[in-house]
Each structure stands twice: as structure tokens, then as C-alpha cells.
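Comments concern the structure below.
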Amino acid sequence: MLDLFADTPPWQEPLAPGAVILRRRALADAPGLIAGVGQVVADSPLRQMVTPGGYTMSVAMSNCGELGWTTDARGYLYSPRDPQTGRRWPAMPDAFLALARACAREAGYDGFAPDACLINRYAVGAKLSLHQDRDEKDLGAPIVSVSLGLPAVFQFGGLQRSDPLRRLLLEHGDVVVWGGPSRLFYHGIQPLKAGDHPLTGACRINLTFRQTGSSNKNKNYS
Ligand code: SIN
Ligand code: FE2
């Protein structure tokens, strides 16, 4: 177990029941993760998706893993194929999977088996409005979220949209894990402030690992 209030990285900060921030936990892995993102987006480029309401998201997204999260005019969906390329999403790099599993375990969620990793790229001003991650069938598994590059303000509320929000600065290498009682808590990212990070330049990259409960190796995906 990591010392809860140690002052050398990484250290844990309790966030809510079932939720914890593993501060700087991904620091050592960051260069490899960023290289992995580069490989994934060479196959499945980052793109600004359009929500069912016709809103073009300010965050640019891609995915790796068996399934990828997408949105279009028809709704939200985990799909085995990238609708833009028609091909399967790139495989999840081993280093992504190993880090996500280790972080989940350290947060108290042993046996995490993510089948989807959403890649979010925030340029200056990009934001993610308050939402719940509720498109996964398996709500017993946590969400593991890795922050890279420029810092951003993360909002974390409760089960109701109107619940009071905590605002936390997420910095390069920070990992947030939420599950159990806080699995459906509302969260979002405030507009990114301008900056320059040695590894990511003018942007923030976030990886969220999800165990969707939708994978079925025997199913014939079209
Ligand atoms: C998300 O809510 O899916 C991403 C959050 C983040 O970018 O930190
Ligand atoms: Fe989310």
C-alpha cells in the first residue's frame, strides 16, 4: 500500500467514496504513453465529434482497444470500428493496459480489465461539460483517468447534476480512479488555459480507461 499522505510522489488523495487521485502516478510512464498516443492517432486520427444535439465537441478524440467511444447525430455508442476509417480501433498498447490495471488495483479495484481507452486532446479553451460516464454496461468496474501535459481543472460532483462540485487541478502524471459509490458521479473539465508543456506542447491529453461490459470475442462485429 502506498502511504496515504506521503509528500513524495506518487501520493494518494481521497476524492469521494470509491474515488481517489493518485498524484503523479503516471509520471515515469508519461513519455511512453505519449509515444503510444502518437502511434494510435496515426491510425485513428483525433477528431472533434458531433453530439446528438448537433454540438461539435471542443475536445478532439480517438480510441484504442477492442471498443471505442463515439458520438454522432444518432447517439453515443461503443463501437469496435472507427467510423472515420472503417477499420478496427488500434490495439491498446501493453503499457496503457499495465498502468490502468495497476492504478485500479492501488485504488482498491482489483481485476480491472479495460476494453476501451478514450483519448481526449484539449487545446486552449477546450472543455468537457459536466456529464456522467454511463454508456458502459458494466458499472461495477471503475473509470481510470490519466492526465498528461498541461494542467486542467477537473470538476467532480455527485449523483445529481446540481450537487456541489469539487474543483481539483489535475497535473501531468495525475491519475483519477472513480468507481463503486462514485462510479456515476458527474464530472467535467473547465476550459484549458494556455501553456507550453515540454512533452505535449500547447495541449493536455487525457486517457480514460473503461471496462464497457460490451466486448464479446465470439460476436461477429460488422
Ligand atoms: C472524461 O470525463 O471522459 C475525461 C476527463 C478528463 O479529461 O480528465
Ligand atoms: Fe467522463
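Any Cβ shown, glycine's included, is placed from N, Cα and C.
Of the residues proposed, H172, H187, the one TrEMBL records at the same Fe cation site as H131, D133 is H187. Substrate binding, as stated in TrEMBL, involves Y76, L77, Y78, D135, R161; the candidate among W69, W89 given for that site is W69.
Residues from the binding-site residues list (Y76, D133, F209) with a C-beta closer than 6 Å to any atom of ligand 2: D133. Each residue contributes its Cα atom, and for Y78 (substrate binding site) and Y122 (2-oxoglutarate binding site) these two points are 21 Å apart. The most crowded of the binding-site residues listed here (D135, I205, F209) is F209, judged by how many other CB atoms sit within 10 Å of its own CB.
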